Amino acid sequence: MTEKPPLDSNEDEAWLGEGQSETQLTTVCGPDGVETCDADRPAWDSKIQYVLAQVGFSVGLGNVWRFPYLCHQNGGGAFMLLYVFLLLIVGVPLFFMELAAGQSIRQGSIGVWKHISPKLAGIGYSSCMVCFYVALYYNVIIAWSLFYMGNSFQYPLPWQQCPIDVTTNDTVKECAGSSPTSYFWFRKALDITNSIDETGEFNPIMTGCLLAAWAIVSLAMIKGIKSSAKLEIWGNVQVWRQAATQVFFALGLGYGSVIAYSSYNPVHNNCHRDALMVSGINFMTSVLASLVVFVVLGFRAKNIALRCVAENLGLLSLMSSHGSNQHLVGPGWPGINMTDPSSVSIAEYREWYSHHSSMVGPNITDCSLEQEMNKGIEGTGLAFIAFTEVMALFPASPFWSTLFFLMLLNLGLSTMFGTMQGILTPLMDNFSLLGRHRTLLTVSSCALGFLIGLLFTQRSGNYFVTMFDDYSATLPLVIVVIFETISVAWVYGTDRFLDDIEVMLKWRPPVVYKYLWKYVCLLAMVGLLAASLLRMVFKRPTYTAWNQTTASEMTLEYPGWALAMIVLLIVVASLPVPIGYIHFTLKNHMVRDTRSEEGSCQEVHRELYTKCSSTEQLDSNSQHRVPSEEEEAHPRTAFLPMGNEHYRLLPQQEVEDDDEQDTVV
């Protein structure tokens, strides 16, 4: 890296703090504009390959089942406007910041933040920890997709009808009380327990699917990067928190994966255009997915309501045959045609029910299409219950089911590859030993992930997946992004960062980014962190459990040991940031004490420099390597450049041979 000249020593000390790196972020270019970056670092074969990898990471399963649910539950178009607003003022600036930092420094998350300030090296380690958390449970969802895709190659689909109990020769009670798709998901796929306290034995089929999922990820990662309605809701703080969280996770901020992918770009790549393009594609994908989800859920809700009408009319017909309630359904009532129940519409039945609900027994219920739609299904329930129920009604249902779960598999794997890249790239960049044994590191990481992932393949594993999804990544990632923003905006300085981007892009980004990074994004992240903490404190965390007896879902509070586990996950992921700061501060004081003692009895050694020609390239390895711990303890000296000239340290012997080159610093 070239050294950035200090404008003023006092100003630099105020901005950077003690021991702060004063190096410029951009790589050195020769007089012909040739980059002297590390030639050994892998690079993308083409721009389209990079864009597809970045889009594949950001567009994940959350675009399919999280965004549509939030949009449906929070006012539809009003929520979408709020989402776009937060995307523009928070999401895009932070996404651009991570792209620019990774592309300019050409390191993973650990190396980037360690380069900007050694005190904040813990940010990268926290990112790696959160990536590992996410990889653990995300691959379980991929394993579920593999299981369902494997079961799609049969007709009829196994979740299309309720099975028969061989002992009673009747429909299985749990399935009759729910639905064929719910029964297949909770009993056949998960064999789930009634609560998180009931662990149960391991699910052998899901364990095998998880092993296959990790094998796919391991083989792919070994090959490296070349393979991979009412506006009143705006006044609801909870809606703002949900919208901000969705923006945050949709773009993959804080994982380090965005930084890792951009670090393989040429230094003059237009990362600003990439930020806008990827964010736009991500949003349009969410909108398209929402349209499809709403159509599917509407179709499903209408079928449920029609089935409800048919069942109620069947009960009324049975009651009429026994001589009761004939005055309610007789020929005098034009809304009900008992001779042809299929001709009765939902609206006609609801009108009849509104007049006579007080006269019928509790077994006759209302059949509301709006109520079915407002129930809202999110997460795994949308993919493995709602969509499977609809696909069972399609002609050639195995074909559509296979395509759907193949899509889920691709979405999950592309995000999983980016997540693993956020772990492997920083470790290999920061530790040369790991970098020389990429295959061993990859296989070992995947093997460790599989062993820990066995937690999710026991009968209560789905509850742990929910726990990790809700709490293991949210707060730590927000904390990581807060410190990332502080590091760039307040430690390194937004003006200097924009200067470095100008060198890369050959044009200066709008000044509005300066204020967005320094104030808007930082305050938004702090507000999101505060809202999330307050929600956890004042509303005890809960999860949705499946009760086998009632064949229905119920909301339960996490037991004490599970709350302790949630707190432990958050603390472990966030701890590297303060530990890194304390470690550097203590080490810096120790080095200062040692140097002061040596300086009292020894003469200070004078370093001598000589001027080099502008065509002589600096050692690329020294430009891009992560500083050693010894170097971290000493502030780097900034040199005032003279044109295109650079400086290098002369050996003492060479200086003694030529006294004319004795140059005083």
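Placed from the backbone N, Cα and C atoms, the Cβ positions cover glycine too.
What you are looking at is a predicted structure, and each value in this text was computed from that prediction instead of being measured.
Sequence-distant contacts of ASN63 (Na(+) binding site), defined as residues of its own chain at least six apart whose C-beta falls under 8 angstroms from its C-beta, comprise ALA250, ASN282, THR285, SER286, ALA289, LEU411. Residues or ranges marked as Na(+) binding site by TrEMBL: GLY56, VAL59, ASN63, ASN282, LEU411.
According to TrEMBL, the compositional bias 'Polar residues' annotation covers 616-625.
TrEMBL lists 616-643 with the feature region 'Disordered'.
Here TrEMBL flags 80-101 (among others) as transmembrane segment. Using a Cβ-Cβ cut-off under 8 Å and counting only residues 6 or more beyond its ends in the same chain, the transmembrane segment (80-101) has close neighbours at 25, 67, 71, 112, 116, 231, 233-234, 239-240, 243-244, 246-248, 250-251, 253, 258-259, 262, 271-272, 274-276, 278-279, 283, 287, 481, 484-485, 488, 497, 500-501, 504, 509, 513, 516-517, 520-521, 524-525.
The transmembrane segment annotation in TrEMBL covers 122-147 (among others).
What TrEMBL lists as transmembrane segment is 205-222 (among others).
Positions annotated as transmembrane segment by TrEMBL: 243-264 (among others). Long-range Cβ contacts of the transmembrane segment (243-264) within its own chain (Cβ-Cβ under 8 Å, at least 6 residues beyond either end) map to 41-44, 50, 53-54, 57-58, 62-63, 66-67, 70, 74, 79, 82-83, 86-87, 90-91, 94-95, 98-103, 105-110, 112, 124, 127-128, 130-131, 134, 225, 271, 274, 278-279, 282-283, 286, 415, 418-419, 421-423, 425-426, 429, 473-474, 477-478, 480-481, 484, 524, 527-528, 532.
Only residues 6 or more beyond the boundaries of the transmembrane segment (276-297), in the same chain, are considered here, and those with a CB under 8 A from a CB of the stretch are 51, 54-55, 58-59, 63-65, 67-68, 71-72, 80, 83-84, 87, 91-92, 95, 250-251, 373, 377, 382, 386-387, 390. Per TrEMBL, the feature transmembrane segment maps to 276-297 (among others).
Under the heading transmembrane segment, TrEMBL lists 379-397 (among others).
Annotated transmembrane segment per TrEMBL: 403-427 (among others), in sequence order. For the transmembrane segment (403-427), the list of distant contacts is 53-54, 56-61, 63-64, 107-111, 124, 127-128, 131-132, 134-135, 138-139, 141-142, 145-146, 148-149, 152, 216-217, 220-221, 225, 227-228, 252, 255-257, 259-261, 263, 383, 387, 391, 434, 438, 441-442, 445-446: same-chain residues at least six beyond its ends, Cβ to Cβ under 8 Å.
Look at TrEMBL and you will find 439-457 (among others) tagged as transmembrane segment.
According to TrEMBL, the transmembrane segment annotation covers 477-494 (among others).
Per TrEMBL, the feature transmembrane segment maps to 515-538 (among others).
Sequence annotations record features per position, and here TrEMBL assigns transmembrane segment to 558-582 (among others).
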Query raised in the report: Around the Na(+) site (GLY56, VAL59, ASN63, ASN282, LEU411), what further same-chain residues have their C-beta within 8 angstroms of the site's C-beta centre?
Result: VAL55, PHE57, SER58, GLY60, THR285, SER414, THR415
Report summary line: Long-range CB partners for the transmembrane segment (122-147) (under 8 A, at least six residues beyond its ends), listed in sequence order, are 61, 108-114, 189, 205-206, 209-210, 212-214, 216-217, 254-257, 380, 384, 405, 408-409, 412-413, 415-416, 419-420, 422-423, 426-427, 430, 449, 452-453, 455-457, 461, 464-465, 468-469, 472-473, 476-477, 479-480, 483-484, 487, 569, 572-581
**Report entry** Cβ pairs under 8 Å between the transmembrane segment (205-222) and the transmembrane segment (477-494), at least three
**Finding:** no
Requested in this report: State the non-local partners of the transmembrane segment (558-582) in its own chain: residues 6+ outside its ends, Cβ under 8 Å from one of its Cβ atoms.
Outcome: 119-123, 125-126, 129-130, 133, 196-197, 467-468, 471-473, 475-476, 479-480, 483, 540-543
Report task. Name, in the order they occur in the sequence, the residues of the same chain whose CB lies under 8 A from the CB of VAL59 (Na(+) binding site) and which sit 6 or more residues away. Result -> ILE281, ASN282, THR285, LEU411, SER414, THR415
